[in-house]
């Protein structure tokens, strides 16, 4: 059967999406040739300097390519099956034509799930295309056409969605690509200056001032390599610093643009647990895995500990004082909380976890049928 017009269009789009990745691959391959062959092997006479440059370069190069590969080919994780609607729930939802009735159905389904964020109107976050309840920090990617856990953004330079499964790889890719460009810029500077100064001399004295740059081809590569590495360093540094700030605040790019909405209202720092815990949520507890492009992030991507008291100095402080128990109990009856996964609970070692708060609530109110969630915050 001949392919339809839609299939041909999608196939062409998939090919076009790989163009930025191929562009980066060509630039990296050329930089390897220019640095290793034209600069180190052909232009540097000092053997010790040559060996040190090549060793450091290849260590940074391998880590950079490894992190880039992981960022590209690690599939973004989708919500677990428990967030997807069953066949009977889909039929029930389709029969209801009123928005409020549909919301009642979604609230009933969501009551057993660790979902605490809402839409701007206060409704349950539901994806019509994927037919599932969106976990916290999950968004639908129009390019991938699926819901991505803790979606940060869709990056054309890696032809992939950056989210929970590969955000650590993306951060390491930015780090090692920045180190790669800075190292090339620093070590190429001396030879770039030689060529630059020699270029302003009279033509008949050109060879006298080149001092070791063997031919026109090598001089071109050395000149262009310095310009390329220095320009990429500026853009990579700004992007890396911005994402370091996001990690420290425990925000995604989408959450920095539009703050998540909780039951108590909008709070752009609702997921922040402090800089150290925010960092460990992305890179894990074991220091030895931090610089290596292997998965070590905490959690499952579907549930996250929250800090419902606003401690961000960029925002006005929250009112001091306890929240009335009647208000918390009302929210718990409407959408009872669920305990966190074990790996996420480790982040709250200095605070009262949700599971502990549920146990305390049960002890205080033995007759209550639903647990009461105690609001957590970091001292």
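Even glycines carry a Cβ here, placed using N, Cα and C.
The transmembrane segment feature in TrEMBL is assigned to 15-35 (among others).
For 51-69 (among others), the entry in TrEMBL reads transmembrane segment. With a threshold of 8 Å between CB atoms, the same-chain residues lying at least 6 positions outside the transmembrane segment (51-69) that come near it are 24, 28, 32, 35-36, 40, 44, 158, 169, 172-173, 175-177, 179-180, 183-184, 187, 291, 293.
Taken from TrEMBL, the feature domain 'Palmitoyltransferase DHHC' applies to 124-257.
According to TrEMBL, the transmembrane segment annotation covers 169-187 (among others).
Look at TrEMBL and you will find 220-242 (among others) tagged as transmembrane segment.
The region 'Disordered' annotation in TrEMBL covers 335-379.
For 345-356, the entry in TrEMBL reads compositional bias 'Polar residues'.
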Long-range Cβ neighbours of the transmembrane segment (15-35) (under 8 Å; 6 or more residues past either end): 57, 61, 64-65, 68, 72, 143, 156-159, 184, 188, 221-222, 224-225, 228-229
Three-state composition of the domain 'Palmitoyltransferase DHHC' (124-257), taking helix and strand from DSSP: 80 helix, 16 strand, 38 coil
